[in-house]
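Colleague: Straight from Swiss-Prot, here's the annotation block:
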- 81: active site, proton donor (ACT_SITE)
- 232: active site, proton acceptor (ACT_SITE)
- 13, 72, 82, 83, 169, 205, 223, 224, 233, 234: substrate binding site (BINDING)
């Protein structure tokens, strides 16, 4: 089978995007696993590897244009990925010539649409992040409490206050100063809760958040199944939600969230029933177009693959330059 694929990123959270509908049959679990191994390795993978695979398939219940699956670089499957969803939204928008539609994910059908570019030649998409839950069973966590909201967890730290929230990916978030953001405690805590431990049996994404000013955040994330990453879309949304609930954020106001890989905008919404959802607005960049046989990709025969580099990363780098000057 011939394969058309894209290398994409949202805030430099990078993926290989593969549309399974181009094939007469869906890929097998074994083929997906082999592609993940061959493509995503940072040491031996294609184009320096990636944080994961984005698989686009037919929707299963007819209300969405397509379904997105997220396979992390370690082989685990994520329930959602905000940065990845933006790139899938762009792919589907250009494929189907639509600007606004919904995409099926593991737990929800999410609204997506094209948005005004963040900068010249930086394609930008806006996606819904929901549902939100603070219940321990949805994380899951075993701390002897039903919710963990702005509390010290002695097993993790005697000084840092944590909140656990699912959006729907599970996140453990702490607001910290600049020194703590970049200090050794972060890696110690993040690696502990993402290895065998009695509190978070499935691991959890961990984010440290520095408040830069009114409606301005910097979020650094250790992503479950990936490790430290340039950015995590759901982490930035979880952080924005908690900034609104616990700090001086305001519903419906745009928040600027900076990260190692760039910048996004978020807006936190409260519905009439008291639930929450977030908008995530950011780049959807295509860096490479890839074509070759499935057999060659499965075997890692990358010398037989045709790779075409776009000029989009150049424009994204120019955008980053403007951020560093602010």
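We number each residue from 1, going along the chain as drawn.
Yeah, the Cβs are placed from backbone N, Cα and C, and that goes for glycine too.
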Colleague: Among the active-site residues listed here, 81, 232, which has the most company in the form of other Cβ atoms within 10 Å of its Cβ?
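Modeller: Per the Cβ count within 10 Å, the most buried is 232.
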Colleague: Work out the three-state DSSP category of residue 82 (substrate binding site).
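Modeller: Helix, per DSSP.
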Colleague: Express in Å, rounded to the nearest integer, the largest CA to CA distance found among the substrate-binding residues 13, 72, 82, 83, 169, 205, 223, 224, 233, 234 named in the record.
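Modeller: Between the most distant Cα atoms of the substrate site, 16 Å.
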Colleague: Give the sequence-ordered list of residues that share a chain with residue 82 (substrate binding site), lie 6 or more positions from it, and have CB atoms under 8 Å from its CB.
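Modeller: In sequence order, the residues whose Cβ lies under 8 Å from that of residue 82 (substrate binding site) (at least 6 apart) are 10, 127, 129, 232, 233, 234, 236, 237, 280.
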Colleague: Setting 13, 72, 82, 83, 169, 205, 223, 224, 233, 234 aside, what same-chain residues sit with their Cβ within 8 Å of the center of the Cβ atoms that define the substrate site, listed in sequence order?
Modeller: 78, 80, 81, 84, 221, 226, 229, 232, 235
Colleague: Over all shown protein chains, what is the count of other CB atoms within 10 A of the CB belonging to residue 233 (substrate binding site)?
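Modeller: Neighbour count, Cβ to Cβ under the 10 Å cut-off: 29.
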Colleague: Write down the Cα-Cα distance for residue 81 (active site, proton donor) and residue 169 (substrate binding site), rounded and given in Å.
Modeller: 8
Colleague: Determine the Cβ neighbour count for residue 13 (substrate binding site): the number of other Cβ atoms within 10 Å of its Cβ.
Modeller: 30
Colleague: Given a separation of at least six residues and a C-beta threshold under 8 Å, show me what packs close to residue 223 (substrate binding site) in the same chain.
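Modeller: Long-range Cβ contacts: 51, 72, 205, 229, 232, 235.
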Colleague: What whole-number Å value do you get for the CA-CA distance of the residue listed as 'active site, proton donor' and residue 13 (substrate binding site)?
Modeller: 10
Colleague: Report, as a single number, how many Cβ atoms besides its own are within 10 Å of the Cβ of residue 169 (substrate binding site).
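Modeller: The answer is 26.
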